[in-house]
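Per Swiss-Prot, the feature N-linked glycosylation site maps to ASN59, ASN91, ASN100, ASN112, ASN132, ASN262, ASN303, ASN315, ASN335; the stated evidence is sequence analysis. Residues annotated as motif 'WSXWS motif' in Swiss-Prot: 419-423. Among the features that Swiss-Prot reports, topological domain 'Cytoplasmic' is placed at 460-831. The region 'Disordered' annotation in Swiss-Prot covers 527-563, 774-796, 808-831. The compositional bias 'Polar residues' feature in Swiss-Prot is assigned to 787-796.
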Amino acid sequence: MKQDLISSVQIILFLPLTTVGLAGQSFPGKPKIIRCRSLEKETFSCWWKPGSDGGLPTNYTLFYSKDSEEEIYECPDYRTSGPNSCYFNKNHTSPWTTFNITVTATNEIGSNSSDPQYVDVTSIVQPGSPVNLTLETKRSANIMYLWAKWSPPLLADASSNHLYHYELRIKPEEKEEWETISVGVQTQCKINRLNAGMRYVVQVRCTLDPGEWSEWSSERHILIPSGQSPPEKPTIIKCRSPEKETFTCWWKPGLDGGHPTNYTLLYSKEGEEQVYECPDYRTAGPNSCYFDKKHTSFWTIYNITVRATNEMGSNSSDPHYVDVTYIVQPDPPVNVTLELKKPINRKPYLVLTWSPPPLADVRSGWLTLEYELRLKPEEGEEWETIFVGQQTQYKMFSLNPGKKYIIQIHCKPDHHGSWSEWSSENYIQIPNDFRVKDMIVWIVLGVLSSLICLIMSWTMVLKGYRMITFMLPPVPGPKIKGIDTHLLETGKSEELLSALGCHGLPPTSDCEELLIEYLEVEDSEDQQLMPSHDNGHPSKNAKITRKETDSDSGRGSCDSPSLLSEKCRETCALPPVLQTQEVRDVQEKKAAKRSWETQYVASERKALLSNSESAKSSTWPAVQLPNSQPPMFAYHSIVDAHKITLNTTNTNVAAVLVEDEEEHQSQCSLTETIPGEMEKQGEMENLHSKTEQTTAQVKQNRSNERLPFLDAALMDYVEVHKVIRQDEEPAVLLKHKENSGKIEKYTISGASKEYTKVSTVMDHNILVLMPDSRVPHTPASQEPAKETSQSLQQGQVEKNMSYCLTAPSDCKRETGGSEYMDPSSFMPSFK
């Protein structure tokens, strides 16, 4: 909390200074102490380099303290040593004492101090350069030598006991290496072994012990004469035309050989043999020749030489070839002006204007010039160069307010030639953009902003958690009733689905599914139709138990023992080729299905014993598989039976081939059987008595008398096999179930009736069948032959069709002329 408050206060204090900096005004830059120097160990001076002034007038003050004192003193003299300096006279100079010196720059906004400089007068002694250096050649015993003389520095007191040590250096004028000679405390020196006829350069310097060497004195030149000799060869330095109309050439003389020497410039033009002399030796100065318009020719090459002549002889320079077109170098531009423009609602900018050189004829187009300018801040060292082109005016927008700039311009011809010299330096001060009112506005805005920041930071410290919760509310959890968020976080999807009431898929059946295309109903002599005493409605006393059918709709009929046993017999009649196609797969399932069939036979026998006491009806025993649903009357509702039939038409039936009839009858598996109840048969008899029609019920045969086509022990159960639609009229096929080891078909005797037509569908899922008097009775001896023939023919047709589709005409042959199909002729058996 305390640190936040301190940082906020600092922001408030520094914000006005930052605002002023944005306005172009700031506290001054830090100055830098360049050097401190003592000329004679009695006085010394210090110089500094100012920093930026921050756009405001700045004062510089030098403060110093001595190592043995705590008091701070100010510079005693700011004038003697020049600007930006401080002079310490004898009264303020203490030898063997260390001075701690700093320079402080101050303006209206603030101040800034330099780094401290520690000074000991003994170690900063550097005397001035010797003065009055003179050179003279003398001859002694026909030997020529050089005599040099000088004086001590001007500030040296003659009455002082300081001794200066001197040093002299000399070199030939044309060479770069110096020869240094230590002189000692004397102020004169004799130099021998000099080459006659050579020009020499001489300098001298001094020092105090201890201390540093002074600067070298100014150069002095002298020619060592060599008696009587011709002059040396002169050198042509350059030729230049300022306006492409006239030109001038300059040369450098050689040694004169000890005699007065005259210099003559001679030239000739290309294509001419005549030699001309320089027309003007005065206009361009000494050692030069000026060619006016009369003597200047364009697109002509000049061959120029300079000849030096004295009493002993002459010497000529190397030839110099000149084409006026390529030696054009104009004079610098003139009348350079700088003007600061201050438009309304815009930033100020600088306008530079200049004029071409006076000698250049740019109006007539004889000479076209291109311009280039350079500028830099007064304190800067690097120049910024801008190419302007042929215009004589330029606007500059990106100048820093409060700075002082130096600007120069030069020019050159547009095609051939070289750049002129830079014009003289021009200075301009860029004022600050912001006025006092603007500064006040920015200061007020800065203070208000700092207060707002302080309030926000204080609020964040006090109510940080509440504000974070308000700005970033937590993500709400799921609000679905019954969902456990812990289950979602742990990723237990199964437990989550069970909590929502979503159950998994039902388990698959252990046996192969068999889907039947048609239903067949067979009736015998002892099967009696139960009369109904109700108008399409079941008895109110009847207790109906519903059974949720399988999603496959028809498995109860498909997997019935009577159907499967007959399928086994029909499949055995197929050719041997068909019987061996899937034998390998079927044999692998034999062991498992035999054990399952044994359980079914035991349950069936138990059901036969329980149903033997009833004389009116029989029901189906149900083989309860795991996860099976409670039983219900599946065939009391023709609507439900019809739905089951429609669902089975879209399912593929797997065909299984077997080896022989005995194995197929024993290994056919059952999936589901639909049980009936004894109480329903009584209610169906009442329904039959009212409507005078028959229903699909079968009466149990109590006696051991064998029917012409079935065993008495196998007549306990009747099931609806399939509901089909033929010619837009519903029909029902019923199938009896056999448990005998062998399936045989017999026709019904003349005394029995066969119900083959559906009269109507009553309410409450009642199916009404009508007897058909047109059905002929086929002798029992002919049925096996037809069945075998039909099985062979059907096997060839359904070899590659998986036993899913069968022609209705073939079914009529199996049922003795009725209009219902017997699926036992085309459905495969199961292993």
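Each Cβ is built from the backbone N, Cα and C atoms, and glycine gets one as well.
Features as recorded by Swiss-Prot, highlighted on the structure.
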residue : record                      : DSSP (3 states)
ASN59   : N-linked glycosylation site : strand
ASN91   : N-linked glycosylation site : helix
ASN100  : N-linked glycosylation site : strand
ASN112  : N-linked glycosylation site : strand
ASN132  : N-linked glycosylation site : strand
ASN262  : N-linked glycosylation site : strand
ASN303  : N-linked glycosylation site : strand
ASN315  : N-linked glycosylation site : strand
ASN335  : N-linked glycosylation site : strand
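Within the same chain, the residues at least 6 positions away from ASN112 (N-linked glycosylation site) whose Cβ sits under 8 Å from its Cβ are PHE27, PRO28, GLY29, LYS30, PRO31, GLY51, THR104, ALA105, listed in sequence order. Within its own chain, the motif 'WSXWS motif' (419-423) has Cβ neighbours under 8 Å at 329-334, 336, 354, 357, 372, 374, 408-412, counting only residues six or more beyond its boundaries.
The least crowded of the glycosylation sites ASN91, ASN100, ASN262, ASN315, judged by other CB atoms within 10 A of its own CB, is ASN91. Shown in sequence order, LYS149, TRP150, SER151 are the residues of the chain, 6+ apart in sequence, with a C-beta less than 8 angstroms from the C-beta of ASN132 (N-linked glycosylation site). Counting other C-beta atoms within 10 Å of each candidate's C-beta, the glycosylation sites ASN59, ASN303 are led by ASN303. Taking ASN100, ASN315, ASN335 as the glycosylation sites under consideration, the smallest Cα distance to ASN262 (N-linked glycosylation site) is found for ASN315. Within 10 Å of ASN315 (N-linked glycosylation site), judged by CA to CA distance, lies none of the glycosylation sites ASN91, ASN100, ASN303, ASN335. Nearest neighbour of ASN59 (N-linked glycosylation site) by Cα distance, taken over the glycosylation sites ASN91, ASN100, ASN303, ASN335: ASN100.
The number of other Cβ atoms within 10 Å of the Cβ belonging to ASN335 (N-linked glycosylation site), over all protein chains shown, comes to 11. The helix, strand and coil residue counts that DSSP assigns across the motif 'WSXWS motif' (419-423) are 0 helix, 0 strand, 5 coil.
Between the CA atoms of ASN335 (N-linked glycosylation site) and ASN303 (N-linked glycosylation site) there is a gap of 37 Å. This prediction places the mean pLDDT of the topological domain 'Cytoplasmic' (460-831) at 47.
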